[in-house]
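If you look up Swiss-Prot, you'll see 21-49 marked as FAD binding site. Under the heading compositional bias 'Basic and acidic residues', Swiss-Prot lists 399-408. Feature annotation from Swiss-Prot assigns region 'Disordered' to 399-418.
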Amino acid sequence: MEFSKETRRLALQKMQERDLDLLIIGGGITGAGVALQAAASGLDTGLIEMQDFAEGTSSRSTKLVHGGLRYLKQFDVEVVSDTVSERAVVQQIAPHIPKPDPMLLPVYDEPGSTFSMFRLKVAMDLYDLLAGVSNTPAANKVLTKEEVLKREPDLKQEGLLGGGVYLDFRNNDARLVIENIKRANRDGALIASHVKAEDFLLDDKRQIIGVKARDLLTDQEIIIKAKLVINTTGPWSDEIRQFSHKGQPIHQMRPTKGVHLVVDRQKLPVSQPVYVDTGLNDGRMVFVLPREEKTYFGTTDTDYTGDLQHPQVTQEDVDYLLGIVNNRFPNANLTINDIESSWAGLRPLLSGNSASDYNGGNSGKLSDDSFDHLIDTVKAYINHEDSREAVEKAIKQVETSTSEKELDPSAVSRGSSFERDENGLFTLAGGKITDYRKMAEGALKVIIQVLKEDFGKSFKLINSTTYPVSGGEINPANVDSELEAYAQLGTLSGLSMDDARYLANLYGSNAPKVFALTRQLKAAEGLSLAETLSLHYAMDYEMALKPTDYFLRRTNHLLFMRDSLDALIVPVIEEMAKHFDWSTDEKVKQEEELRRVIAENDLSALKGQQED
C-alpha cells in the first residue's frame, strides 16, 4: 500500500478534519508498536513524528533482538524470561528481520570478570531453559580455551579460561520500526513524519483534547483533535509532559548515551558475534559484531544531558572503545583513522531503579548461597515445582544480599513505565526494543478501557502475538527457503541472484512488490537496477523524504556499506529530485545535509583534530 509524501499530505489533511480516538506522539519503535495495534483494533489512529521514523533512538541501538543473557549477571530472571518470550514473538511477527546469530562469550581470569566458567555455564543453562531451547541444536555450548581460539584466533590468549556460545539474534532496528509503521498505515492509521508537537489543546476542565503541532516541511501550524493522546517520544518524554507542567520540571527519564564504531572486517576479523568483558574492571562488557563486510563494536553507557536530537561521538568515547578492542584483539591495532562509520544514540531509561542491567552495572557482591538458592528456585519454577512467588522472593533475597553501590548508568532500569497525568496524557516510556509489542499491548488494554468508559466506544484488542508486521507474512519455521524463493522470483525481473537475495532479505514478503516495479522502472543513471528499485520503493511505500532517510534508515548504506556510498550520493539525489520535483536550491540543501551526516558518522572532525 502506498506510503509516500502524498500519503503524508492526505494524512495531515484528514487528521485536521476529525476527532481521532488516539493520537500518538513519537514514531520510534514504541509509537510504531502502539500504532499497529491501535489501527488493527479499529481505533481511529493518528501518529506524528518530528523527525524521520526511528531517527531519534530506535535506529541507534546495538542492533540485536537479544534474550538478555547479560541480565543474568544481575540475576534478573524475570526480565530474561519476559525478554526471551518476547523475542520469540518478534520472530513470529517479523520473521524477515531477526536472524539467529549465536554469541561467543569468552571468559578471562582477571579482576572484575563478569562470569567464572562455572557461573557462565549455570547462567547459559538457565537462559536456555527460559528460552525453551534446551536439548536442541540451539542450546549453549561450553568451550575450552583452545575451542574459543579456534573460533576467534585473534582474541587475546593471556588469561583466557574458555567461554561459551549461546543463542542470540541480530536485528535491523530501523527496518523493524518502518515495517510496524507501514502495517499501521495499511490498517488505516494516519501517519506523518516531520511534524512536531508544540502544545496541548485543553478543554475547560484542563483535560487534553488534542495537540497543536507544526509541519516542519511547510512551517504550517496544525490542529489535531483526539479523544486520547499518548506520548511515546523516548528521551523526549519529559519535554512533552512539560507542555502542561510549565515551571514544574519533570525528571522521569535519565537518558544514557551509547556509541558504536564500525571498521572494515579485514581490520577486525570476527567470524561470529562476541560479547566480552572490557578488561577494565569496570563491570561492563562490549559487543564485537560482524555485519555485511564490516565489524562494529560497542557500546558505551554514559549519562547524557546534552542536545537530545544530536548526540555526538566524542574523543573519549573513541578512546574507550578502541582501548578495549585493541586489548581484547591485540593484533588489531585500530586507530581512529580505521573507523569508517559510527553512531551515537540515547537510551530512554527510567531513573531511580537499578534492578535491571544493560551493560554490566555495579551490583556489588553476591554470596554463593544466595546464588545457588536463586538458581534452584528458578529451575523448580520452570519445571512447575515451585511458584512464581517463590521466584520473586528469591530475587528479593538476592537484591537485599547485594551491597548496592552508587547508581551506575549501566544499572538504570530498562523496565518500562506507563503513566497517565492529571490532564489525561498517557506516557509510555523506557523498555527495550525487544519488548516493544508487549509494552504497546499493555498500553492499549488501558486505552481501550478508557475509550469505553469515558466515550462509550468499544474495541476489541487484536492478538498482536500473531499479527505480522508489513513484510512479515512468511512462515517463521521456513524463513530461509521462502526468502530464497522470493530471490528466485527477483531474477525473473532481471536482477542478479545476489541483488535479488539482498532485496528479499530486506523487504520480506514485500519483495514481489519491489520486483514488480521493474514494469515501470529502468536502472537510473549511476544506479544499479536493484538500487533504483529500492530507492523508489522507499519513496513511494516507506515515506523516505530525504537522502538521509534512505541511506541511514531504509537501508544500511551509511553504516555498513560505506565503500560504495560515495558513488551513490549524486545519483540518488538526482533521482529523488526528479521524483519530488526539487528545485536546484533544494537539491543543494539536501546534499549538504547528507554530507554533514556522513561527516558526523565518519568522525571527520575528530580525525581532523588528530592531524592538527
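Just so it is clear, glycine is given a Cβ too, placed from its N, Cα and C backbone atoms.
Shown are the binding-site residues Ile25, Ile29; of these, the residue with the fewest other Cβ atoms within 10 Å is Ile25. The secondary structure of Gln37 (FAD binding site), as reduced to three states from DSSP, is helical.
Around Glu49 (FAD binding site), a 10 Å sphere centred on its CB holds 28 further CB atoms from the protein chains shown. In this structure, the binding-site residues Gln37, Ser41, Thr45 were compared by how many other Cβ atoms lie within 10 Å of their Cβ, and the smallest count belongs to Ser41. Neighbour count (other Cβ atoms within 10 Å of the Cβ, all protein chains): 31 for Gly33 (FAD binding site).
In sequence order, Ala38, Leu43, Asp44, Thr45, Ala226, Lys227, Leu228, Leu451, Phe455, Lys457 make up the list of same-chain residues 6 or more apart from Asp21 (FAD binding site) whose Cβ falls under 8 Å from its Cβ.
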